[in-house]
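Engineer: What TrEMBL shows for this protein is this:
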TRANSMEM  B:45-65  transmembrane segment
TRANSMEM  B:133-151  transmembrane segment
TRANSMEM  B:171-195  transmembrane segment
DOMAIN    B:235-451  domain 'ABC transmembrane type-1'
TRANSMEM  B:241-263  transmembrane segment
TRANSMEM  B:275-298  transmembrane segment
TRANSMEM  B:310-330  transmembrane segment
TRANSMEM  B:363-384  transmembrane segment
TRANSMEM  B:431-455  transmembrane segment
Amino acid sequence: MNASAEAIAAKPSTVTADKLGQDQSTATTVGEITSANPRMRCREVNVWYDDNHAIKDVSLDIGQNEVISMIGPSGCGKSTFLRCLNRMNDTISTARVEGSIQLDDQEIQDKSIDVVPLRARVGMVFQKPNPFPKSIYENIAYGPRIHGLTNSRAELDELVETSLQRAGLWKEVKDRLDASGTSLSGGQQQRLCIARTLSVSPEVILMDEPCSALDPIATAIIEELIDELRAQYTIAIVTHSMQQAARVSQRTAYFHLGDLVEVGTTDDIFNQPQHKLTEDYITGRFG
Amino acid sequence: MSPTLLLFVVLAAMALAYHLGRKRAIRVVGGVSQINRLHSLPAYYGYYAALWAGLPALLLLLFWIGLQEQILTALTVAELPPEVTADLSEGRLSLLISDIRSVATGNISSGEISPEVAAAAEHYHRLEGIADLALWGLIAALVLAGTAWGWQHAKPSFRARNRVESIMMLVLILFSSIAILTTLGIVLSVLFESIRFFQKVPWTEFLFGTKWSPQIALRAEQVGASGAFGAIPLFTGTLLISFIAMLLAVPIGLLSAVYLAEYAPRKVRSWAKPVLEILAGIPTVVYGFFAALTVAPFLRGFGESVGLDIASQSALAAGLVMGIMIIPFVSSLSEDVINSVPQAMRDGSYALGATQSETIRRVIFPAALPGIVGGVLLAVSRAIGETMIVVMAAGLAANLTANPLESVTTVTVQIVTLLTGDQEFDSAKTLAAFALGLTLFVVTLILNVIALHIVRKYREQYD
C-alpha cells in the first residue's frame, strides 16, 4: 500500500483510497493506473458508438510480462477498451476513439500508423474460437505468409510447429495437420487461435473472454497456457469470471458503465476493494 | 346467371353462417360471461359453420363450371337427327357444334343456319337454362345444409378449434398439391410427346447426331426431303453462348459483390443495390433487341475495322448481352454468401494484421466459395434456359462451331421456331421441340440440384 500511496501522490489522476463511490458516475479511477515497466500506456481514452459514450476517460498502463484482467458487468466497456489496443474498433464504422494510446512510446491512435504491423505486434484472441475454414496447418501458416516471415517451406513448417507447441496443441494435432481447423473441439480450436496469434510473434496479446465458450477442463488448460505465456508476452484479458481473473492475472481493472472504477493488484482488488462499486461487484451484489 | 354472382352469394352466406355459428355458441352457454365453458373460442364455432356452408358449395361450383359445357354439348349432339351426324368427320362435327353454340348465344355462325342447327341451338339454350337453375338450387341446398350442420354443432362439448385446424390443413394440402400436380403434369406431357418423337427418330441419333435440319417431306420426291435431328449443334451452340455469358457475368458479378459486401460505405450500397436490381428487372425482350440492334451491329462494324469477319448474329453478341442480364443474379447471390461469412472470420484475420484484400482473398473467398459456386451454377442454368435474347440475337442455322464470331443457334431458339406458326402436331418436326424441351429440363434440373446441394452443404458449416 505504501508504494501505491507514493504513486498516487505523484499522479493527479488517481485518488486516495477512501471508500467513496456512492457517486455512480465517478470520473476518476481508484488505485494505481501506472505500471513499473509499461508496454502500453493509455491516457484519457474515450470511445463513442454514434452517440453512445462507451468508454469515458480511461487511463491505464499495461506492463511488461504481466497479465492484467479486465472485469465488470456486461456492457461496461471492457471489450471495447480491449479492442482499442490494436485498433480493432476501426472495423466498426460507427466507432470513434479519442485519447492517447501508446505502444512502447509510439502513439497508435495516430492515423499515419499502419495497423498491419501494429496488429502483428498486438495480437488478439476472441471470445468464440474462430479458426478459418482451412486446414490446421494453413490456419497457423496464414499470419507468417501474409507478413512474409519465412523464406522457405522448412522454416514455415518449423514456425507452425513451434507455434502449436507454445499453445500446447502440437501433441494433439501433429498427425493431422491437414485436417480442417473447424474439426477440432472447442478448446482445441481456441488453442489453435492462440497458436495462430503466436505465429506472428506478437509482443502483446489481447484476449476477449477466451474461455467463455469452453468447458471447465478446456478452460483450465487455457489458463495454464496463459500463465506460461506471461514469461514472454504481455497479456490483457477480458473475463466474466472473477475466479479466472483471480487465477490468471497479477493486476485487475474493474470497469463500470464505461468508467474504469478501480485498478490494482489482483490480490488487493479481491481482498480489499477500495471502491463501493468494486466491492459490490466482487461480492456478487450485482453483475 | 353468372358464376361470379354465385360466388359472391356463397361468400355472403359464409359470412352469415360465421355469425350464426358464433352467436349460437355464445347463446348455448348462456352469454358472453360464460364462454369459458365452451371448448373453443366462439369464433371457432363461427368458422366451423362458415367452412361447412362455403366449401362444399364452392367445390361444386368449380366442378360445374368445368364440366357444364361438355355435358351440355354431349346432350345436344345426342339429340341431333342421326342423318346429320352420320357421315361427319371429327373436324366437321366440332365445326357444327361451334355453330350450334354460336347460334345459341346469338353470335355469328359460319354459314347458313340449317333448321337442324337452329333446333339444336334452341335445345342447347334450354338445357343451359335448366342447368343454371339446377346449379342455383343445388348450391342453395348445400349452403343451407352446411350452415345447419355447423350451427347445430355449436355446443360446449364440440371441439371446434381442432376441427377448424384440420379443415385448414386440408385446404392447404389441396392448394400445395395443385402446384405439385401442375408441375408433374407438365413434365409428363413433355415426356409423353418426347416418347412419341423417339418412336419416329431414334434417341441415339437425337443425342449424338451432329446435323440438325428439322425437315419432314410432304412428298417423297421433294427437295430437302431428308430431315436430320442431331441435337449436338444446338447444345454446343447453347453452351457456347452460355459460356460467353458466364465469362462476362461471373467476374463482374463477383467483384461487384465483393465491393458491395466488403468495401462499399452504407450510402453507396443503399443506391447501388437497387440499381443492380433494376438491371434484373429489365424484361429479357428488351435485352434481346439491345443485343440485335445495338451490340451485334457494333461488333460487326468493329470486326470490319480490324479485318475480322463477325457474323451479324454472332454468338458473341448474344452471349455478351446475356452476360449483362445475368450480372445482377450472380452479384446478389454472391453478396448474400459473402455476407453470411461470420464477422469472426474477418476479425480473426484483421487481428493477425491482414489487410482487407488479403482477408477477402485468403479467408472470406475460400469460405464463401461453395456458396458462390452454387450461385454460379444457378446462373448457368438460367443462361441455358434463357430464350428471348437468343431468339432475337442468335442465328437459326445450326452450325457446329466453337468460334464465337460465327452464328450459332440454341435449343431454346429451335423450340421457338419449331412451335411458332401453323404446325401439325404429329410430325417429327414439331415433336422434336418436346424432346429438346425435355433434354433442356433434365440438364437444368441436374444443375439446380447440384447447386442447391452445394449451397445447403455450405450453410451447415456455420450453423
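Just so you know, the numbers here start at 1 and follow the chain as drawn.
The backbone N, Cα and C atoms fix where each Cβ goes, glycine too.
Small disclaimer: the values here were computed from a predicted structure and weren't measured.
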Engineer: Mind checking which residues of the chain, 6+ beyond the ends of the transmembrane segment (B:45-65), have their Cβ under 8 Å from one of its Cβ atoms?
Structural biologist: 3, 6-7, 10-11, 13-22, 24-25, 38, 135, 138-139, 142-143, 146-147, 149-151, 153-154, 158, 160, 163-164, 167, 171
Engineer: Mark yes when the transmembrane segment (B:133-151) and the transmembrane segment (B:241-263) have three or more Cβ pairs under 8 Å (sequence separation 6 or more) and no when they do not.
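Structural biologist: Contact between the transmembrane segment (B:241-263) and the transmembrane segment (B:133-151): absent.
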Engineer: With Cβ-Cβ distances below 8 Å as the criterion, list the same-chain residues six or more beyond the ends of the transmembrane segment (B:133-151) that contact it, or say none.
Structural biologist: 1, 6, 9-10, 13, 16-17, 20-21, 24, 45, 48-57, 60-61, 64, 68
